[in-house]
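Notes follow once the structure below has been shown.
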Amino acid sequence: MAIRRRPPLAAALAAALAVVSIVSAEVYFEERFGDGWENRWVKSDWKKDENTAGDWNYTSGKWTGDPEDKGIQTAEDYRFYAISAEFPEFSNKDKTLVLQFSVKHEQKLDCGGGYIKLLSGEIDQKKFGGDTPYRIMFGPDICGYTTKKVHAIFSRDGKNHLIKKEVPCETDQLTHVYTFIVRSDATYSILVDNKEKQTGSLYSDWDILPPKQIKDPDAKKPEDWDDKEYIPDPDDKKPEGYDDIPKEIPDPDAKKPEDWDEEEDGEWTSPTIPNPEYKGPWKQKKIKNPNYKGKWKAPMIDNPDFKDDPYIYAFANLRYIGIELWQVKSGTLFDNILVCDNPEYAKKFAEETWGKNKDAEKAAFDEAEKSKQEEEAKDEDSDLDGEDEEDAEDDADSKSDSDAEEEKETPHDEL
Ligand SMILES: *[C@@H]1O[C@H](CO)[C@@H](O)[C@H](O)[C@H]1NC(C)=O
């Protein structure tokens, strides 16, 4: 984050405001990727011997609201990425846990993730990779047209528990802030750009524990339970003679042709037409069943397999934050990572980083798109002069299409 000089009066005013807006928070980890970030982060050697370990660019990206506000961006295509940082160990027992970061997919991500992980215990950061056990994995995941969601995974006793609710993520090429709040009453909220997208209970929205209540497996629908919503109307009777109405009748307008010779042509019969009186087979009207009791449902009972764990939300000795990804197309930029205990603090942090820059970033992006289109238009003009650039571009397009195809078959997150 850039520090701007202000005139003295404005500075004094800002200081006064800052006092008002101070929120007390325990900040376990805060990374704005300013100077010295490389001393705080450890690049893993994972995948290095296979030459598929990707490196990071330290940059604010191709479009930005503040060129001084840099983050780390995946730099090479078809690479694995693994990087982590350590912070003083803590437990979120009896506390609120907030995990927040911003991510920008400048490459127009076809398929890939932008999530981060919280890890506990003792880890060899030089070996951090896809198989390193984590506690929480959180962030957006995009693949094709079908996967556009925010992952929120708790890993306990070697099992990964995915959130059961859909949480949509952002899919454009701009910076967005993802926030995961886990409270000590076992409730949670997921925010995107400081707006709540999902909230609920860890008990019901993950299958970390078996459900508290289940349908009584011994309950049976009572024999006299009437679950027919509609019944035939006993007052509706078939009119007399209804079945005698013919489907077709002789055409009353038809006339025997004048030159009809009964001896030669046989007896003349009128052609038939559909009978307007005919209404199809008779159907009895239906009425609401006065004895309808609704659909039968088994009553819920306490689940004998449920054993409460009041610390379902808690992790002992959280100690590292890590980014571990596989990317077909690089260009994902992470910034402003925060682990703390106060959602208000996180909200302000997001406002003064992403919030402050987002409009300028959007303007810079629109500008970049505009010049790209102008470049393309120029290329097309020169194609008319007999150059082969369009072909080259077609090749590039079909290449990225097949990239997306290929990626679909590769598990892009090792959950
Ligand atoms: C990373 O930086 C290198 C060197 O400046 C550049 O060639 C490459 O395109 C960058 N990667 C991305 C994804 O922007």
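Glycine is treated like the rest: Cβ placed from N, Cα and C.
Note that the coordinates shown come from a computational prediction; the quantities given were computed from them, not determined experimentally.
Cys143 is paired in TrEMBL with Cys111, the candidate among Cys111, Cys340 named as its disulfide partner.
Of the listed disulfide-bonded residues, namely Cys111, Cys143, the sparsest CB environment within 10 A is found at Cys143. All protein chains shown were included, and the count of other CB atoms within 10 Å of the CB of Lys117 (alpha-D-glucoside binding site) stands at 23. The binding-site residues listed here are Tyr115, Tyr134; among them, Tyr115 has the most other Cβ atoms within 10 Å of its own Cβ. In this view, Glu324 (alpha-D-glucoside binding site) is surrounded by 25 other Cβ atoms within 10 Å of its Cβ, with every protein chain counted.
Broken down with DSSP, the compositional bias 'Basic and acidic residues' (213-258) shows 3 helix, 9 strand, 34 coil.
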